[in-house]
Every structure is written in C-alpha cells, then in structure tokens.
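> Below is one structure. I have some questions about it.
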Amino acid sequence: MSEAFYTIVMGLRGFIKEYFHSFWDYETPKVMVVKNRTLGVIYRAVQFLVITYFIWYVFISQKAYQETESRPDSSVYTRMKGTAVHGDDILDTVEYARPSEGGDVISTLLRREFTYDQRQGTCAEYFNVPNANCTTDSDCVEGEVDFEGHGRRTGRCIQYYNHTFKTCEIQSWCPIEEYAVVREPPLVEAINFTVFIRNSIHFPKFKVLRGNIKRADYRKTKRYLNKCHYHEDTEPYCPNFRLGYIANKARENFTELCRTGGVIGVFINWDCNLDLDPSHCKPTYSFRRLDLRKDEDNSGYYYRFAKYYNKNGVESRTLIKAYGIRLDIIVHGQAGKFSPIPTIISTVTALTSVGICSIICDWIMLTFIDKNEVYSDRKFDEVIKEPIEHIPTELSYISSFGSNHSDLSEGVPL
Amino acid sequence: MSEAFYTIVMGLRGFIKEYFHSFWDYETPKVMVVKNRTLGVIYRAVQFLVITYFIWYVFISQKAYQETESRPDSSVYTRMKGTAVHGDDILDTVEYARPSEGGDVISTLLRREFTYDQRQGTCAEYFNVPNANCTTDSDCVEGEVDFEGHGRRTGRCIQYYNHTFKTCEIQSWCPIEEYAVVREPPLVEAINFTVFIRNSIHFPKFKVLRGNIKRADYRKTKRYLNKCHYHEDTEPYCPNFRLGYIANKARENFTELCRTGGVIGVFINWDCNLDLDPSHCKPTYSFRRLDLRKDEDNSGYYYRFAKYYNKNGVESRTLIKAYGIRLDIIVHGQAGKFSPIPTIISTVTALTSVGICSIICDWIMLTFIDKNEVYSDRKFDEVIKEPIEHIPTELSYISSFGSNHSDLSEGVPL
Amino acid sequence: MSEAFYTIVMGLRGFIKEYFHSFWDYETPKVMVVKNRTLGVIYRAVQFLVITYFIWYVFISQKAYQETESRPDSSVYTRMKGTAVHGDDILDTVEYARPSEGGDVISTLLRREFTYDQRQGTCAEYFNVPNANCTTDSDCVEGEVDFEGHGRRTGRCIQYYNHTFKTCEIQSWCPIEEYAVVREPPLVEAINFTVFIRNSIHFPKFKVLRGNIKRADYRKTKRYLNKCHYHEDTEPYCPNFRLGYIANKARENFTELCRTGGVIGVFINWDCNLDLDPSHCKPTYSFRRLDLRKDEDNSGYYYRFAKYYNKNGVESRTLIKAYGIRLDIIVHGQAGKFSPIPTIISTVTALTSVGICSIICDWIMLTFIDKNEVYSDRKFDEVIKEPIEHIPTELSYISSFGSNHSDLSEGVPL
C-alpha cells in the first residue's frame with residue numbers, strides 16, 4: 001500500500017519536476033517524409049477533396065463561419081380592404097373580416113348560412129340524430145341529452161315541422177339549424193378583396209430591425225400604398241395582397257374555397273446575411289393551404305356566430321354559419337453574421353478532418369506500396385517489453401541509434 | 001531593418017521553394033510501438049470506452065448523424081361541440097365558446113356572474129374601495145377617480161343601496177357589479193363538451209407535411225369523426241377531446257375548475273425520424289395546467305364581457321364575468337434526417353476524442369512503466385539549442401543517424 | 001485482374017493478421033524536443049492565448065459546457081384595469097379592452113371616430129375617390145365598384161350631401177364615413193390604465209416551471225397585487241404595468257400614441273442558468289414599439305368595428321374607427337444546464353485548437369530558427385522512392401539506422 005502510494009507520489013513528483021524543467025521546450029512530432037510520387041498524389045487528392053468540401057459546402061454554401069439567429073421577434077398588423085355587393089346587401093370590411101383587431105390571424109367570410117329568428121323554446125329534433133325518430137311519446141326519454149343532438153328531450157314525440165314524420169321534441173334554440181337554414185350564394189367578389197399586411201421583425205442578438213414596407217415607398221404618396229396590389233415580379237414591395245392572388249399562388253380554386261372555406265398560410269420569410277448591408281435583408285412571400293383537404297368533411301374552414309336582438313321582448317338571434325378563408329400570417333426569419341466562434345470551430349473541424357487523409361494514406365502505404373517493409377521499419381519504432389538493460393557501453397551506444405525494427409533490436413548480439 | 005526584412009523574404013522564399021519541391025511528398029508521423037501488454041490493455045480499454053460512448057450515446061441515443069429541424073409551421077383549427085341545459089337556458093357552442101373563429105386558443109364558459117341592467121349614471125361606490133366610506137359630502141372629493149374604484153366621484157355622500165351606511169357617489173355604469181351581481185351555478189355538463197382539434201404541420205427544410213387526422217379515418221364515415229372521443233389507448237387517432245378527459249389528464253378537478261377557471265395547455269408533440277417513412281411520424285398529446293395555482297387569488301381564468309341593448313331609448317348592458325377553461329393548443333415538433341455534415345462533425349469529434357486516450361496512456365507510460373527511461377529516450381528526441389556545426393564529415397555522418405537522446409548527441413566526441 | 005484481386009486480398013489478409021498481432025501494442029507518436037528558449041516561449045505564448053480564449057470566452061462567457069433549451073412553452077394571461085371618464089361617458093375595461101379573452105395580444109382604445117346611424121341605402125360617393133366627381137349621370141357607370149370607393153355606383157350623379165358640387169351616387173352604408181365622421185378627443189386618462197400580465201413558462205427538457213408572480217407575493221394580501229405598479233427598480237415583481245410606464249420605457253410620447261395608435265411589444269425575457277437553483281430564474285421586462293413609424297400614414301394602429309341596432313325596424317349601425325395601443329406580449333426564454341456532451345465537444349475542440357500552435361511554431365522553427373537544417377533533419381526522416389533493396393547485410397544494417405536526410409541516404413556508397 002505505502003509502496004504503491006510512494007510510487008505514485010514519486011511519479012507525480014517526477015512528473016511535475018520534469019514538467020517544469022522542460023516547460024520551455026518545444027515539442028514537435030517527428031515526421032517521416034515518403035518520397036513516393038503515387039502516394040503523394042493520392043495524399044494530395046484526398047486532401048484536395050476534403051478541403052474543397054469544407055470550403056465549398058461548409059463555408060460558402062452553409063455559411064459555417066456565421067453566428068446565426070432564427071425566429072426573430074415579429075409583429076404583424078393586418079387589415080382587410082374591399083367592398084362587395086351581395087344583392088341589395090353591401091358588405092364592407094366591418095362585416096366580413098374577423099376578428100377586427102388585425103392580428104396575425106384574420107378571416108374573411110365567403111359564404112353564409114343563416115338561421116333566422118331562433119329563440120329558446122321547444123321544437124322537433126333533427127331526424128338524423130340517433131334515436132330521434134319516434135312514433136309515440138314512449139320512444140323519447142325525458143331529460144336525455146344526445147351528444148350529437150341539439151338539446152334536452154322533453155319526452156314528447158311531435159311532427160317534424162311541416163313534414164309528415166315525427167321526431168322527439170327537444171328544448172333548444174328553435175327552429176333547429178338543419179331545418180331552417182337559408183344558404184346564401186358565395187361572395188365571389190371577395191376574389192378582389194385585399195389584405196394589407198404590415199410586418200416588422202427584430203433580431204435581438206444582432207439588433208437589426210426590418211419591416212416589409214420599404215422606406216422608399218413611404219415617400220411615395222399615400223395613394224400608392226392604397227392602390228397597389230402585390231405581385232411577385234412587378235410589385236414585390238406592395239403590402240396589399242389580393243385574395244385571388246393568394247389563392248392562385250397556393251394553387252387553390254377560389255370558387256372551391258368559397259364553397260368549403262379553407263385555411264391559407266401566408267409565409268413571410270426573412271433570410272438575412274448581415275455581413276452585407278441590412279438593406280439587403282428583404283422578405284419573400286409564399287402561400288400554402290394549411291388544412292389538409294383529401295376529404296371534404298374534415299378540411300375547410302367555417303365557424304358559427306350569432307347576432308342577438310330583442311324581438312317583442314324575447315331574446316332572439318340570427319345564427320350564422322360562416323365559411324371563409326382564414327389567413328395565418330407565419331413569419332420565418334434567419335440571420336447570419338460573421339462570428340469568430342463558429343469560424344474557429346468549423347476551421348478546427350476542417351483541419352482535423354484533413355487528418356483523416358493520413359489514416360487512409362497510411363493504410364495504402366503500409367499495405368500496397370510497402371512491400372519490403374522499408375516504410376513500416378521507418379515509421380514504427382518498436383520497443384520490446386523488457387528493454388535490454390545491462391549492455392556494454394559501446395553496444396548500448398549503437399543500439400540507441402534509433403533502430404526502427406524490433407527484429408533489429410532483438411538481433412543485436414549480446 | 002533591411003536585414004530583418006531580407007531574412008523574412010529569404011525565409012518565405014525558402015519556404016515556398018521548399019514547399020513546391022516537396023509538394024508530392026507524403027508526410028506521416030513517426031510512431032513508437034510499445035510492446036507492453038499492460039499499457040496495451042489500458043490503451044484499448046480507454047479507447048473502447050470512448051468509442052462505446054460515441055456509438056451508443058452520441059450516435060444511437062442522440063442521433064448525432066441527423067440534421068434536425070424543430071418548431072415546424074403549424075396550423076390549428078378548433079371547434080367546440082356539445083349542448084348544455086342550464087335551467088331553462090340552452091347553451092350551444094355559439095354561446096359558450098369564444099372566440100368563435102377557432103384558432104389555437106379557445107375558451108369555454110363554465111360559470112357566469114351576471115350584473116343585469118347596467119346603465120351609465122350615478123350610484124354609490126363599493127364600500128371596500130379606499131376612502132369610499134363617508135359620512136358627509138366633504139369626505140368625497142369631486143372629480144377624483146380612484147384606481148381601484150369604478151368611476152369618478154361626484155362629491156356627494158349617499159346611502160349604499162339598500163344598506164344603512166353611506167359611501168361616496170360615483171358616475172359609473174350603475175348599479176356596480178359588487179352590489180348587483182347574480183351568480184349562476186357552474187355548468188357541470190361542460191365536462192362532456194368536446195373540442196375538435198385539427199392540426200397540420202409542415203417541416204419546410206424536409207418538405208414533410210403531416211396532419212393529426214389519419215388518412216384512413218377520412219375513409220370512415222363522417223359519423224365516426226363526429227362520434228368518437230379521444231383516448232390515449234383506445235382511440236389515439238380521434239381528434240375530439242372531452243373536457244373531462246383533458247382536465248383528468250392535466251390532474252385537475254373539474255368541479256374546482258368550474259369554480260375558479262383555468263388555463264390548460266394541450267401539447268401536441270411531433271417527434272419525427274424521417275429516416276423512416278413519414279407515416280411513422282405521429283403526434284402524441286399531453287395536457288398540463290398552465291396558470292400557476294398555489295394561490296387562488298391569482299390563478300384561475302376569467303374575463304368580462306357585456307351584451308348591449310337598448311332599453312326605453314337608453315343604452316343598457318348586461319355585464320358578464322365569465323369563469324372558464326381556456327385551452328392553449330401548443331404544438332411542438334422535431335424532425336431528424338440523415339445528413340453528411342452532422343455525421344462528419346460528430347465522427348471527427350469522435351476520432352479526435354480517441355486522441356485523448358494517447359494523452360492518458362502517455363502519462364501512465366512515462367510516469368509508472370518507464371522506469372529506465374527507455375520509452376522516453378525513444379519517444380523524445382531532444383535537440384539542443386546550439387547544434388554542433390563544424391563536425392568532420394564522418395562524425396557528422398554518424399551523428400545524423402537519428403539518435404533519439406540528447407545525452408547521446410552531446411556525448412559525441414568532438 | 002486476378003493479380004490485382006490477389007494483391008488486395010493478400011493486402012487485407014496481411015493487414016488483418018498484422019492488426020490482430022499488434023492489437024495489444026501501444027502506439028505513441030515520436031516527438032522531437034527542441035531545447036530552444038525562443039521557440040519555447042513562442043509556443044507557450046500561443047498556447048496560453050488559445051487556452052485563455054477557450055476558458056474565458058467559450059466556457060465562462062458562452063457557457064459552452066451547458067446543454068441549452070430555448071423558446072419554452074409559455075402561457076400568457078392579460079387583464080386591463082382602470083376606469084376613464086370621457087365627458088359623461090364612463091369607460092371601463094369591458095368598453096376599451098379587446099379582445100376580452102385575455103390572451104397574449106390585448107388592445108386598448110385611446111381615441112374613437114364615430115360614424116353614427118349608418119344604414120344600407122344610396123348616397124353620394126366620397127369626392128376623393130377616383131372618377132367620383134361628376135356633372136351629369138353619364139359620368140357615372142352603373143354597377144361599377146371602385147376598389148378605393150365605398151360601394152356600387154347606381155349610375156346617377158347627385159349633390160355631395162350639403163355641398164354644392166356633385167359626385168356619383170353609390171349603394172352603400174350611408175352616410176359615408178368621410179362625410180359623417182365625428183372625432184372624439186383622445187382618452188388621455190388611459191395613461192393610468194394598467195395591464196395585469198401573468199406569464200408562466202415551462203422548459204420541457206429540464207422539467208422546470210416558472211411564473212412571473214413570485215410565491216412570496218402570493219402570501220401578501222390580495223390588495224398588494226391589486227394596488228402595485230411595476231417599476232424596474234422599486235417593484236420588479238409586481239405584474240401590473242401602467243400604460244404610461246410602458247410608453248415611456250418604449251421611448252414613445254403617450255399623447256402622440258393617442259393620436260395615431262401603435263403596437264408595443266412587451267418582451268418578457270427568461271434567462272435561466274439551471275446549474276443554480278431555479279429560483280434564480282427570474283424574468284426581465286423590456287418594451288419596444290413594434291410598428292415602424294417613419295411615416296405616419298403607415299405606422300400606427302387602428303381598427304374598425306360596428307355596433308348594430310334596430311332603429312324603427314331598419315338594421316342600423318354605429319361605425320367606430322378605433323385608434324389604440326396593441327400590446328403584444330412576447331416571451332423569450334433560454335435555459336442552460338451542465339451536460340457532458342457539449343462539454344466534451346467543446347473540450348475536444350479546445351484541445352484540437354491547441355494543435356494549431358504546433359503548425360505556427362513548426363513554421364517559425366523551420367523558417368527562421370533552423371538555419372543549419374538541424375531541426376528539419378531531425379524532424380523529417382526522408383525515405384526515397386526506390387528503397388535500396390539488395391544491399392549487403394552490413395550496409396543494410398547501417399542504412400536502416402533511421403537516417404533523416406535523403407541526401408544522406410542517397411549518399412550511401414553502394
């Protein structure tokens with residue numbers, strides 16, 4: 001125990017002493033230079049590939065020398081514009097855009113289904129609800145609330161409105177939507193509605209603030225920004241987007257959208273290389289439908305709301321099932337700027353990767369080229385387990401000449 | 001100055017000349033092979049540990065060979081379903097779900113506190129407001145607006161409604177909520193309400209689009225999606241979530257929630273390994289209460305809104321303080337796919353880490369095993385500061401045989 | 001072909017045999033120790049710089065030993081408080097805060113422009129709309145809907161309200177806003193409104209849950225949380241923010257904001273070092289205006305909504321253009337905790353970077369210090385392309401003594 005401890009302490013002491021003694025020495029690995037053209041060509045070719053890969057792909061294409069920041073702070077303000085005439089009904093932005101506050105989700109009505117003059121009372125349940133069909137009162141359980149139904153059953157079996165068959169009576173908002181619904185034709189003029197989108201982003205790490213409305217545009221008359229319509233090629237800086245343009249770019253049929261409604265994503269993408277001037281940092285827009293639409297039952301977008309009023313002292317409502325387009329403004333951003341840390345990490349990785357070339361070339365050299373073991377003799381200096389200790393001085397002198405092959409060391413005549 | 005400059009130029013010239021001359025040479029480090037079983041075993045053991053660590057933890061567990069993308073684009077559409085009977089009052093989705101547009105935040109009423117028939121006028125301030133209690137008009141400062149109060153003081157001291165004490169009169173919506181409030185019992189039937197959640201995500205980098213409603217389900221009848229209720233084990237692909245199930249999974253008491261309201265997060269987690277088929281990329285759901293609830297005063301969820309109407313030509317309102325559950329649908333996602341860059345970086349790091357073994361083993365070798373300095377003699381070829389310059393040819397010839405020990409070099413008889 | 005194949009197989013066989021034979025050998029690079037003080041000092045200085053850089057910048061400042069998680073789950077609940085008296089009009093939170101549900105975006109009215117008593121009908125178009133001015137009916141195309149106008153033209157040219165000039169008649173909500181608008185003075189008392197912000201965050205990876213309201217505060221009376229106003233220095237844990245304080249911190253003039261409206265970001269920043277106790281993880285708040293405001297036409301924040309009512313059996317509305325402050329509560333978060341993987345990767349990178357020192361020092365050594373090529377002779381062991389094969393034993397014996405210079409090897413007399 002104390003023996004081992006002593007050895008460790010001595011080892012450490014020796015190590016520390018040695019360390020301080022040789023602190024100012026410079027150590028550099030010994031290198032064997034192989035003057036073999038084949039090997040040199042292979043070595044340089046592999047090196048060239050690795051370096052090219054790093055310079056082209058990692059540094060130029062992936063910009064690995066940049067510190068990046070993604071998902072900037074984003075603020076979106078939206079406002080719908082346009083007027084539609086629907087029979088004698090005029091719809092302006094207050095009527096069709098919801099919610100009115102103008103955040104990053106805005107929807108516009110395209111088609112409405114009205115159920116007028118509903119009030120709380122009793123009426124016949126919809127015939128398609130399970131167990132709603134009845135012939136006598138005993139078919140209807142009083143107080144039962146069916147999950148798919150519209151209200152609580154009163155226990156009576158009554159005529160289904162002006163039809164001949166009967167369904168259970170329920171306590172509900174009457175008449176029920178399925179019976180009394182009035183479908184309006186779609187608001188096809190909505191194809192010309194525009195949505196004004198103002199987006200400003202901020203990269204907190206780089207302290208860069210950008211907006212999607214160009215400064216230069218500000219100096220133009222207010223009329224320009226009111227009149228222009230965004231177009232990828234001709235008007236890339238106009239912040240007014242026609243619904244028809246959006247639907248088209250999202251590869252959707254506007255007439256079909258009017259029928260089922262839909263959710264469309266407006267993607268604003270900021271890809272900023274801040275090594276250039278921030279003014280080069282401009283948004284690109286893309287549009288994609290977000291609700292899956294393989295089956296019509298489950299895609300589409302609609303919601304219900306009601307307008308309440310007092311009719312002869314009774315609270316009444318007009319129930320509106322509204323199909324529409326919901327625009328989700330989704331902002332993506334990424335900024336990159338030169339920074340020493342990723343540069344150093346990438347460079348070190350690159351340099352280290354060059355070391356892989358040596359592994360490959362060593363293997364080739366030792367296996368295919370080195371037939372007479374000349375290279376391996378020189379590269380590998382084998383030291384046997386039990387070093388020859390008590391050699392006469394001259395021999396020791398000779399043997400300590402860096403002989404590289406154990407056979408040789410072993411072959412020294414004692 | 002010009003001397004130094006000349007030296008540098010010569011140095012560079014020599015360097016470049018040398019460089020081109022030896023461009024096709026292959027350089028490989030010289031290696032000492034130590035045939036010592038103890039050291040070999042230690043070396044291989046350390047190497048094994050490092051390699052195992054990298055293969056198991058970094059590559060298999062952390063999937064370091066994959067390029068990842070997190071936070072996909074997400075679109076959420078929600079719709080509440082269910083009917084509740086509240087006395088003679090029927091509440092359907094239009095009444096209890098807000099906002100109606102169906103975004104990623106949806107709330108349902110669970111309990112309402114009504115203040116009926118408020119209109120603008122003057123009435124007594126709530127007695128708990130600081131300095132509201134008074135005995136004479138001089139206690140009330142005209143025009144003062146207390147931050148915790150309900151309006152502007154008129155300067156008069158009046159009877160507190162039908163009580164015997166007096167408070168300052170204020171100009172406000174009268175009567176005040178604290179006095180006139182009517183509390184409704186909670187809507188316990190809401191435990192059976194369901195919320196339909198449609199979520200589609202998109203990983204832009206990998207161009208993968210997924211939805212939480214399975215294609216196969218689409219082919220089933222519409223009725224299935226209307227009827228089913230999500231259950232982790234039995235119905236994992238049904239997008240209808242019972243409020244009772246959500247509260248239960250969030251470990252909340254529904255009755256308690258009805259009393260105080262609360263914000264519950266519905267977490268949809270997409271963890272996608274895109275090296276497999278995208279169809280393996282399925283969401284998992286989890287539920288957690290988001291408002292801290294140690295103190296009842298500050299947790300919970302309620303909001304106030306009003307219904308306006310015209311009563312005898314005067315604008316009146318019914319103020320409603322609504323306690324409810326707000327569901328925040330929060331979508332997480334992460335996708336990984338094999339990519340050469342992270343693979344190379346991880347591999348290079350792994351290979352480099354193996355180099356650490358050498359540092360450890362060198363220290364062991366030189367400190368504990370190398371008692372006779374045989375190894376260090378061979379490993380280190382010390383070169384003294386002032387090299388012997390004018391040696392006769394033969395001696396020079398001999399001394400240049402790579403002798404590895406400075407003692408030796410110094411021992412050459414001049 | 002078979003020759004080449006045989007060679008490869010033999011090569012592989014030899015390689016594998018060799019590999020297993022020497023599996024337990026320990027290989028360590030041979031190193032040349034240069035006892036040159038200048039070089040040693042340069043070497044240590046470069047090493048010191050690299051190590052200092054890694055320890056200070058990478059490990060201490062950038063905390064590269066930590067696993068990080070950013071963008072935590074966040075839940076925000078907001079509630080406006082305060083009462084304003086506007087002439088004889090009392091505005092409480094129900095009137096001025098929208099939407100009422102209290103999510104992460106909340107707006108308050110500051111100034112309203114009313115257009116009273118609009119109803120669907122026909123009236124004169126606004127004179128500033130293109131082509132709206134007319135002298136005879138023939139100037140107005142029936143059925144035309146101008147994008148900047150308010151409705152569909154009837155084809156008649158009528159007097160512009162009580163003015164002397166004429167414009168085209170349109171079917172619209174009449175009278176038009178531009179003619180009938182009534183501007184209200186701004187709600188300057190709103191400077192004292194407060195917004196209560198409750199934010200709770202969750203780092204899923206680290207399973208840490210934090211809220212912006214301190215536990216200790218919970219134990220204080222309810223009154224404290226109702227009364228206090230946030231102040232960076234004196235009340236950093238109070239969750240009530242005065243609008244005036246917010247505007248001030250965002251360096252905005254409140255009076256100016258009342259005029260144009262604006263979007264202000266309330267940034268809640270969580271920077272958590274989870275190696276310390278989670279209770280050290282506290283939010284900091286900052287405030288910044290989010291809408292660009294170089295040009296008044298395009299910055300600012302307003303929205304329109306309407307109050308509908310029934311007047312003598314005709315659906316009428318009061319159109320309100322509301323200027324206000326929209327607060328976007330934006331939560332940032334980042335948490336770091338010690339983890340072995342980033343530590344190992346950073347350490348390995350650091351150690352590898354130290355290797356760069358050798359490259360620099362080698363270049364210095366070989367170019368400037370090594371005048372007599374003593375160092376390069378020792379460092380580089382050149383092996384010529386065609387190794388001397390059939391040398392008599394003694395000479396072979398001698399030549400295999402690691403001679404370091406090709407000139408020398410070539411100089412061996414055959």
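Cβ from N, Cα, C; glycine included.
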> Regarding the disulphide bond with B:CYS174, report which of B:CYS123, B:CYS134, B:CYS228 TrEMBL records as its partner.
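Checking TrEMBL, the candidate bonded to B:CYS174 through a disulfide is B:CYS123.
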> Pick from B:CYS238, B:CYS258: which cysteine does TrEMBL list as forming a disulfide with B:CYS228?
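Candidates were B:CYS238, B:CYS258; TrEMBL matches B:CYS228 with B:CYS238.
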> Could you check which of the recorded positions B:CYS168, B:CYS174, B:LYS321 is the closest Cα neighbour of B:CYS281 (disulfide bond)?
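The answer is B:LYS321.
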> Select from the recorded positions B:CYS140, B:CYS174, B:ASN192, B:LYS321: which have any Cβ-Cβ contact with chain A shorter than 8 Å?
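Listed recorded positions meeting the cut-off: B:ASN192.
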> Would you mind checking how many other C-beta atoms are within 10 angstroms of the C-beta on B:LYS321 (ATP binding site)?
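By my count, 17.
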> Out of B:CYS174, B:ASN192, B:THR194, B:CYS228, which of these recorded positions is nearest B:CYS140 (disulfide bond) by C-alpha distance?
B:CYS174
> Among the recorded positions B:CYS168, B:ASN192, B:THR194, B:CYS228, B:CYS238, B:CYS272, which ones place their C-alpha within 10 angstroms of the C-alpha of B:CYS123 (disulfide bond)?
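Correct set: B:CYS168.
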> Please tell me which one of the disulfide-bonded residues listed here (B:CYS134, B:CYS157, B:CYS168, B:CYS228, B:CYS272) sits closest to B:THR194 (ATP binding site), measuring Cα to Cα?
B:CYS228
> Using other CB atoms within 10 angstroms as the count, which residue among the disulfide-bonded residues B:CYS140, B:CYS281 scores least?
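Looking at the disulfide-bonded residues B:CYS140, B:CYS281, the Cβ with the fewest others within 10 Å is that of B:CYS281.
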> Looking at the recorded positions B:CYS134, B:CYS174, B:ASN192, B:CYS228, B:LYS321, which has the shortest Cα distance to B:CYS168 (disulfide bond)?
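With Cα distances computed to B:CYS168 (disulfide bond), the winner among B:CYS134, B:CYS174, B:ASN192, B:CYS228, B:LYS321 is B:CYS134.
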> Hey, what's the Cβ neighbour count for B:THR194 (ATP binding site) at 10 Å?
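That number is 24.
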> Taking each of the disulfide-bonded residues B:CYS123, B:CYS134, B:CYS228 in turn and counting other Cβ atoms within 10 Å of its Cβ, which one has the fewest?
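Relative to the other disulfide-bonded residues in B:CYS123, B:CYS134, B:CYS228, B:CYS228 has the fewest Cβ atoms within 10 Å.
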> Taking only the recorded positions B:CYS134, B:ASN192, B:CYS238, B:CYS272, B:LYS321, which one has a CA atom nearest to the CA atom of B:CYS174 (disulfide bond)?
B:LYS321
> Name the one residue among B:ASN192, B:CYS228, B:CYS272, B:LYS321 whose Cα is closest in three-dimensional space to that of B:CYS134 (disulfide bond); these are the recorded positions.
B:LYS321
> Counting across all protein chains shown, how many other Cβ atoms sit within 10 Å of the Cβ of B:ASN192 (N-linked glycosylation site)?
17
